[in-house]
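**Student:** I have a structure I would like to understand better, so I am pasting it below and will then ask my questions one at a time.
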Amino acid sequence: MGRTLAEKVWDDHVVRRAEGEPDLLFIDLHLLHEVTSPQAFDGLRQAGRPVRRLDLTIATEDHNTPTLDIDKPIADPVSRAQLETLRKNCAEFGVRLHSLGDVEQGVVHVVGPQLGLTQPGTTVVCGDSHTSTHGAFGALAFGIGTSQVEHVLATQTLPLARPKTMAITVDGELPDGVTAKDLILAIIARIGTGGGQGYILEYRGSAIEKLSMEARMTICNMSIEAGARAGMIAPDETTFAYLKGRAHAPEGEEWDAAVAYWKTLKSDEDAEFDAEVVIAAAALSPFVTWGTNPGQGAPLSASVPDPASYEDASERFAAEKALEYMGLTAGQPLRDIKVDTVFVGSCTNGRIEDLRAAAAIVEGRKVADGVRMLIVPGSARVGLQAVSEGLDVVFKEAGAEWRHAGCSMCLGMNPDQLAPGERSASTSNRNFEGRQGKGGRTHLVSPQVAAATAVLGHLASPADLADENAARTPAGV
């Protein structure tokens, strides 16, 4: 019987297999940041152990970093302590670190791919749930806890139970204005935030194959929001073109050998998945969340659902609580929801294609009165590229704030936060209660919807801008 993509990569990394025990996997790339690594380094220090494979370990500062005045001392004592601790630990153990101000600093899941460290057929771990991002390359990538971070630092291996596999097939053409973010939000709404629990998801089909690498990273990034262990997409010519010439990509004969191996990394025709989901791309439209988990979403053209419409009692209760927290009423058109803040950034949508898409919409327009728009590149390198293209000027002229790279408003661990009761349209990945600041209300959207929302002041798509322009044009003009 054939094997799935996930099974092939998993099997290639088994160091030890014994009946009744988890498989022991070799880890090819270990990514670190300041939040989940301090206790792991403490464990090494207490045991007198070194980092086993410094060549496979890299750290960056992202969660706590400010996005303004990065040349000044960090004001928040907790953030400052975590960053200083990471610097101390990396210096003591010899771990490569990209600190604030370094050209390669940024959100860890943006930095890995842009350096060419993330490659097909590898195993990638990080003490961060959105490590699934790297699965876009055909890598087996998943988030781990702090004790597991220590285990990998000490042994470069990890004992893991083998997950099941789920195929999510998306065929057809995505309609104009529908993005990878809309697609993954629709998938999560379809299968639920627990639908992928215990599975590695493989995204496949003609619609997936047509996506750019950055769009594929958006898809795999939010696999965890569906409850999955990881998400993967088989590597292809798009993958190879993205990697070729990057700092850590193979070269010459090694490149040829790598590509030959990478081409074998696809599910066999007779491979059997434990579950399958089929999505028609043509039926999709811009998507937004209305509630307090990523599965509580709907097409932008819809209205806030009535909790009474849910047959399942737990879903009905969750919807009631979500509407109460979000300050919404059943039947309210999603397009009528006004926002205070728009955030474009994060490891989900902070790459150069995302910034280009948002800039194309706000160019020649102004951010609505009373709305704050934050543009935060996913890495310093992305920021430099955006500046070279003049995107920073486009955003500033529209009235948006141009910031330095970092996790920023994705989570309330740095100065970029919502005030209680404030509402955001955010290109990040989680809309939990208080995720962007205590009492903050978050709607997850694509960069295109975020930009249109910033201009109109309420949840909107780029098509709404065209409709408004048409409505303002005098007859006969």
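Backbone N, Cα and C atoms are what each Cβ position is placed from, and that goes for glycine too.
Pulled the feature table from Swiss-Prot, pasting it below:
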type	residues	note
BINDING	Cys347, Cys407, Cys410	[4Fe-4S] cluster binding site
REGION	418-442	region 'Disordered'
**Student:** Near Cys407 ([4Fe-4S] cluster binding site), which residues of its chain come within a Cβ-Cβ distance under 8 Å, counting only those 6 or more away in sequence?
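**Tutor:** The answer is Asp62, His63, Thr65, Val107, Ser346, Cys347, Met413, Asn414.
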**Student:** Counting by DSSP, what is the helix, strand and coil composition of the region 'Disordered' (418-442)?
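**Tutor:** Here the numbers are 0 helix, 6 strand, 19 coil.
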**Student:** Specify all same-chain residues, apart from the site residues Cys347, Cys407, Cys410, whose Cβ lies within 8 angstroms of the center of the Cβ atoms of the [4Fe-4S] cluster site, ordered by sequence.
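**Tutor:** Surrounding the site, in chain order, are Asp62, His63, Val107, His109, His130, Gly345, Ser346, Thr348, Gly350, Gly378, Gly406, Ser408, Leu411, Ser428, Asn429.
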